[in-house]
Amino acid sequence: MTTHLTPAAGVGAPVRWLLSPDLMPDARAIASLERLAKMPALVHHVAVLPDVHLKSGQATPTGTVFAARGAVLPTAVDAGIGCGIRMVSSRVPARALDAGALDGIFRELMRRVPVARHETEVLTPGEVEAILTEGPAWCVRARGLPPAELDAVEDTALASEDDDAGLAAAVPLKAKQKAMRTFGTLGGGNHFVELQEIVEVLDPERAAAWGLAEGQAFFMIHTGSRSIGSKTIKGMVREHGGDPESLIEIPTHSDSGRAAAAAIRGATRFGFANRAMIHQALRDAVRRVLGDRAPELPLLFDCAHVSIRPERWNGEALWVHRHGASRALPASAIAGHPVFSRTGQPAPVPGSMGHDSFVCAAAEGALEAFGSVNHGAGRTLDKPEAGARFTDGMIESEMRTKGIRLYRYGLGSIAEQAPAAFKSISRVVDAMAALSLARPVARLRPVAVLKG
């Protein structure tokens, strides 16, 4: 299904629906999209993806992608700039990890990766600024992570800009100070580390190219830039007299616009580096528990699904905004990568913590969404609604019944993340395939999940 809502004449951009009729959002989400589409800086169209839904307190729906000319709109995406998912394969059967091994691995991981902050500072001020500039390359240089993994990280984390010298100064001081203790932490809400089993290979050729096979253990790490991103975006909103539910445009040719673009770039890199360090902590936890039996945990791909980044479309330099959408390029749009130029980029599509997830490959239809696909199933119930309808005990019981091991830090409620609060992942992936947004490569079932 592809339709358009036409905005006011001469202003903004049309809305392009890239979903099936049964996945259309509610009236509130549609109204917010119409409001977004009328913003003067928008060009081409607003792409709406199958997981679209509007969260309370936000200006635009999750599952939205658009391009702006000469401006950034910081409240049009989630405040967690750089949030994304790191996909980690294992080459080991998931069923080889018994309950004792799982308990040991996840408890050791919880010891190494706090939910909110470390007890003491883990970075110096200089290291924070280096991460803002270098991103995951800092983790390779300073913490010994495998250099080859930089080939499996979205390029926004690596690209260098001429004005990087002033980048660190553009990030609020309080955000940088807090980052000294929040680097390498998971965060709450829907952030997670999940162990999955590949239960079905749907595209054998691409699965083989990515080293995926039925029965293998597979991890998804979902988190972002932590306080760096949220404090950076909130600072921009305050500076420009807005609020999280209003839309503001900051011209990128202005001093404040250049500072905003630099801060966004730094926060994005910090998010990629944060996931890289959690990946390393996972490796260390597995080695600590399994010893000589510990498998290698190679990186398949790491991509952000909350981003504002400069890109060229139809020969024009634009600012592409992705709110709950992974940057995902088909093979035709990738040059030089030894694997992805043949397969397309891998795209994670997690369900809820109680439902299956998918690993997909970006297809040609993703170009209709500025090289993007949806980042998950999407909600049918907002967090407050889910929290009122379900209890933690209900969720824990459901997970036990399904044989999924749930690990928690004991902070916050998991009722808001109830499996029943999310759309059917199968229907969402079917829509992605029907519209050639992505090809499903593998289906995975949850085995164990760590939630904040």
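Cβ from N, Cα, C; glycine included.
What TrEMBL lists as GMP binding site is 190-194, 350-353, S357, 375-378, K451. DSSP classifies A377 (GMP binding site) as coil under the three-state reduction.
According to TrEMBL, the feature Mn(2+) 1 binding site maps to H191. For the recorded site, H191 (Mn(2+) 1 binding site), the DSSP three-state label reads coil.
According to TrEMBL, the feature Mn(2+) 2 binding site maps to H222, H305. The Cβ of H222 (Mn(2+) 2 binding site) lies under 8 Å from the Cβ of C83, G84, I85, N190, H191, F192, V193, E194, P350, each on the same chain and at least six residues away in sequence.
Per TrEMBL, active site, GMP-histidine intermediate is recorded for H375.
Comparing the binding-site residues H191, H305 by how many other C-beta atoms lie within 10 angstroms of each C-beta, the top residue is H305.
Taking the C-alpha positions, the distance from A377 (GMP binding site) to H305 (Mn(2+) 2 binding site) comes to 13 Å. Residue environment of H375 (GMP binding site) contains 28 other Cβ atoms, counted within 10 Å of its Cβ in all protein chains. The shortest Cα-Cα distance between H305 (Mn(2+) 2 binding site) and any of the binding-site residues G351, M353, H375, K451 is the one to H375.
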